[in-house]
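What TrEMBL says about this one:
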- A:15-35: transmembrane segment (TRANSMEM)
- A:56-76: transmembrane segment (TRANSMEM)
- A:96-113: transmembrane segment (TRANSMEM)
- A:141-160: transmembrane segment (TRANSMEM)
- A:189-212: transmembrane segment (TRANSMEM)
- A:224-249: transmembrane segment (TRANSMEM)
- A:255-278: transmembrane segment (TRANSMEM)
Amino acid sequence: MEQILANGVYLGSQYAMIALGLTLIFALMNVLNFAHGQMYVIGGFVTYTIYGQWGVPFVLALVMSCVTLAILGALIEKFLFAPVIKGSAREESTMLLAAGIAFFLDAVILLVFGEKQRGVPKIVDGVFNWDFRIIMPYDRILICMLAILSIVAFIGLMQYTKTGRALRALAQDRTAAQLMGVNVDRYSMIGFALGAMLAGLVGGLLVTITGVNLGMGGPTSIKAFMMVMIGGAGVISGAIWGGIILGFMEAIGLALLYQYGDITYLLIFVSLMIFLAIRPQGLMGKPWG
Amino acid sequence: MLGFSSKQLIGVGVFLFVIFIGVPLVIGATGRWDFFFTLTSVALLAIASAGVWLTFYIGRINIGQGAFALIGAYVSAILVVKAGWSFWISLPAAGLFAAVVAVLIGLPILRLRGVYFAMITLVLTQVVTLTALALPITNGAKGISNIPLPSGLSIFGIPLIPDFGSMENTKLAFYLTACVLMVVTYAALYRLVNSRLGHLCRSMQQNEELASSIGVNIAYIRIVIFAISSFFGGIGGAMFGSIAQSVYPSTFVVADSVNFMLNCFLGGLGYVFGPMLGTLVLYFGWDLLFEIGKYQMLVYSMILIAVIRFLPNGLLSVRFGKGDKK
């Protein structure tokens, strides 16, 4: 049981970070970012190249993943999303754009990095073993800690800095924020870059454990959507809860039902649908977000 | 069906002439028989996309059409292979089954709106794929293969189907069948949009509370629309399975659901024939770009991004301008 809980914490902390980026972008711009999983994969590949191939220290590689994705996110927002949101009659057109970007990033990843599964050397060796009740490699514990630390840092940023305050104002009411003197265009771009950066950070962290490959993008996006739905779209605390809940469901399901194969995911999906039928806005969402 | 201008009638006439006579002639002349398969797929995917478009019409983003297409394909395949039904009876049965499923699922989930509905339908596709993997009747990951061709025995025995196929090859027969289905679908869609129900849908698209307050039974209408939409999905999927002669859980996956939605967006949500054009452009474009090998995806996605960047309201918005509702 302790082992299941530990796995749950480990999965949950990663998932929460993925969901945070997605929900941030959604809260700010009402964009459902289909390309989030692909951004995560790119983050993984950047760390793989810099740390795994060039032998640069891991922390530096991680920073590079963040920087690359932040720049990428800012450019995508500035030159693609912002003009399309201005020009289209219906807001949902951005979904087509997001899907197009997802395809595009997939193609770029395929051309630049190929389709092979890539892994990097372990960052720390050894396994933590508490009387055979919890067995967990040290690198997983380290990644889990780093993920939790990043989440705390992110919440701190959102709560206590000027940028965070502007972003929260923007998420609450775009027009009102603009009237209060928030530079909406600029902070939309910063927010998008921040969301993309989070995806890159998780990608960089997880490449040390699961490795990275081209096909991970799509399923990651779907999982992120689910977490966001559990917690409520566009709510920061909801995304964290969604990530933790999905992490625990997966850990418990895989432990108890492993002999039935994919039935865990089927159960998760079905229970999610039932949950949403009862509570459409998720745990913490505003009704009709 | 009154009130057609002569211009519209000529347009429809030209369209019918092109797809039923022009295309086979051109393909026969150039010898590119593989285009038949491409165009058949386009016609069938356009049927499913028409369903997605219809749910857009009541203001819901539907990314779950792949689920209903897969349900349709499986129902038809199981009825034909295990129960020995004729394909032409299993086709409407598949559509109806998909519609019944849509009613059952739609009752709870149609209360959701906006991105919530979009995301739950996306999850729905995943649920159906996983269910198909888990259930014994669907044969799991092996799927159902060796589905008999409908043309072989059953099709010509039924007087309802014209004897177009007895001397032609199956590619042409399938092409014509798919086109007939597509034309019927879009005629039905056009009729629906220009009926009383269509007006009620437009009122819902604009504001559900307001529509409800002036006496529109929104719960009933959205179920009906979702059922019709899924019926189209089921029909398209069943026909697709019959042409491929096999159904697997991966026949329609999340990416297909997303593509159905993209077809509608690309063609333009304000136009009945938008999804048809969108499907043609997306699918045919993808097929044509096959020539450039590994850069196919790159060029395709760049074109897609460019189109939405410069024509955010869909391809048809170029001709008709903004705000013109068909």
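Using N, Cα and C of the backbone, Cβ positions are placed for all residues, glycine too.
If you look at the transmembrane segment (A:224-249) against the transmembrane segment (A:96-113), you find fewer than three C-beta pairs under 8 angstroms, all six or more positions apart, and that falls short of contact. Most Cβ pairs under 8 A with the transmembrane segment (A:96-113) among the ranges A:15-35, A:56-76, A:189-212, A:255-278 are made by A:15-35.
Within the chain, the transmembrane segment (A:189-212) has long-range Cβ neighbours (under 8 A, six or more residues past its boundaries) at 14, 17-18, 20-22, 24-25, 28-29, 33, 36-37, 39-48, 52, 58, 61-62, 65-74, 76-78, 81-82, 117-120, 122-123, 139-140, 143, 146-147, 150, 154, 163, 167, 170. Beyond the transmembrane segment (A:141-160), the same-chain residues lying 6 or more positions past its ends with a Cβ under 8 Å from any Cβ of the stretch are 9-10, 13-14, 16-17, 20, 123-124, 128, 167-168, 198, 201-202, 205-206, 208-209, 236, 240.
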